[in-house]
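Under the heading DNA-binding region, TrEMBL lists A:17-56. Annotation source TrEMBL lists domain 'CoA-binding' at A:81-181. The NAD(+) binding site annotation in TrEMBL covers A:GLY91, A:ALA92, A:GLY93, A:ASN94, A:LEU95, A:GLY96.
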2 protein chains.
Amino acid sequence: MGKVPKISEAVVRRLPIYLRYLTNLQELQVKTVSSQQMGKTMDINPAQIRKDLSAFGDFGKKGIGYDVDYLIEKIRHILKLDQVIHVALVGAGNLGQAISNYNVYLKDNMKIVSIFDADPQKIGKDLGGLVIEPIDKMEDIIKEKQIRMAIITTPSSAAQEVANKLIEAGIEAILNFAPTTIRTEKEVKIDHNDLTSSLQSLAYYLN
Amino acid sequence: MGKVPKISEAVVRRLPIYLRYLTNLQELQVKTVSSQQMGKTMDINPAQIRKDLSAFGDFGKKGIGYDVDYLIEKIRHILKLDQVIHVALVGAGNLGQAISNYNVYLKDNMKIVSIFDADPQKIGKDLGGLVIEPIDKMEDIIKEKQIRMAIITTPSSAAQEVANKLIEAGIEAILNFAPTTIRTEKEVKIDHNDLTSSLQSLAYYLN
DNA sequence: TAGATTGTTAATCGATTAACAATC
DNA sequence: TAGATTGTTAATCGATTAACAATC
């Protein structure tokens, strides 16, 4: 059914995994794949894959499986990767510098188009082909370049204020690497990705 | 009850968030905190916080709340952060270099003690005070330095093989940044942290 | 056709939240 | 004591999985 019911975050987190795997298959000239095969490689229950996908439409063929090219196209559309998405990077420290190099991997029309930092020493310097801009100019540049997503790699102390400014400027989604919880009243999606927390959680499983 | 029932991953992911917040309070000389206050700052339901903590023991005082110092000590113990944990970093590319600088933040006795790379050009070079070692020496060094956790920042193509070697050498938990699913038959905890997937998931929430 | 595989329902499993007795 | 807050039970909500009719 072409209906779109409420989609859980868990489903949305799996879609990029499916997409990546399907793209691998595409490169190998594979034309068709079953949920069984997909599940085996990705370590995901085949029933779950079918259920996830069926929430967006009837993409498969009974007795056959899924057409790789077609499914890629559909998932890309669902994830809005069939449109150009401009991304801002805030914080040109070690992690920010590393991430600025990810532009190469962010095909799919997603692209870091601006980098901001508060440090006067860094402003004006080049990073991955982009000039580091001051935070003051953030709002103007975001509007001018129609930037819709942002990655925060500032220190914790600056993260909330930077987020406030980003949201004020109209940013719709934020990926936060600073080890602090960012809150907002607005309808903005915020994803926290904190290395220290990840490592600490992992430590629980030692022994 | 001092009993430890089965703990879900969701709980384990929240513990470092609690720990970080409590450490902030400690620095502010705050002695006591209620689940209500905690929940407000961290955007987590107070009942959930109480339930999470009560799975490990009776840490609070009715009518009072939680003693900050005591709760920090308890959570650190639960997460095994009260013991020294040696970490290996595999892949000295952009991301690996950025992460090697995180040693500063990884107080709590967690420490990157070795860095490995396959590129002969990089081997022998210094990174954050550590000499980059060849993958060949990985197994020996892991055993020698009693390394128990690893961070993979290699290209996707190398990730599974690196993981196999790490597991072979006795690594107990892996944080994988390579954009590929790592699988194993062994009892090893693997956490996937893929920037591209995170950004793609976020794109779903645009508009 | 016979075999394979989807889409979907129903069952199960697990996680979150509300509510409140216990008690500091 | 009166007010506050925990620990925990029960209710709710949501996500995963098994099973199978439909059908390619």
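Even glycines carry a Cβ here, placed using N, Cα and C.
Beyond its flanks by at least six residues, the DNA-binding region (A:17-56) meets 4-5, 7, 11, 64-69, 71-72, 74-76, 78-79, 81 of its own chain at Cβ-Cβ distances under 8 Å. Cβ neighbour density within 10 Å is lowest for A:GLY93 among the binding-site residues A:GLY91, A:GLY93, A:GLY96.
For A:ALA92 (NAD(+) binding site), the Cβ neighbour count at a 10 Å cut-off comes to 25, with all displayed protein chains included. Taking the Cβ of A:LEU95 (NAD(+) binding site) as reference, residues of its chain lying under 8 Å away and at least six apart in sequence are, in sequence order, A:THR153, A:PHE177. DSSP labels the residues of the domain 'CoA-binding' (A:81-181) in these numbers: 34 helix, 31 strand, 36 coil. With an 8 Å limit on C-beta distances, the binding-site residues from A:GLY91, A:ALA92, A:ASN94, A:LEU95 that reach chain B are A:ASN94, A:LEU95. Residue density at A:ASN94 (NAD(+) binding site): 18 other Cβ atoms are found within 10 A of its Cβ, drawing on all protein chains shown.
Shown for the DNA-binding region (A:17-56): DSSP residue counts in helix, strand and coil, namely 28 helix, 2 strand, 10 coil.
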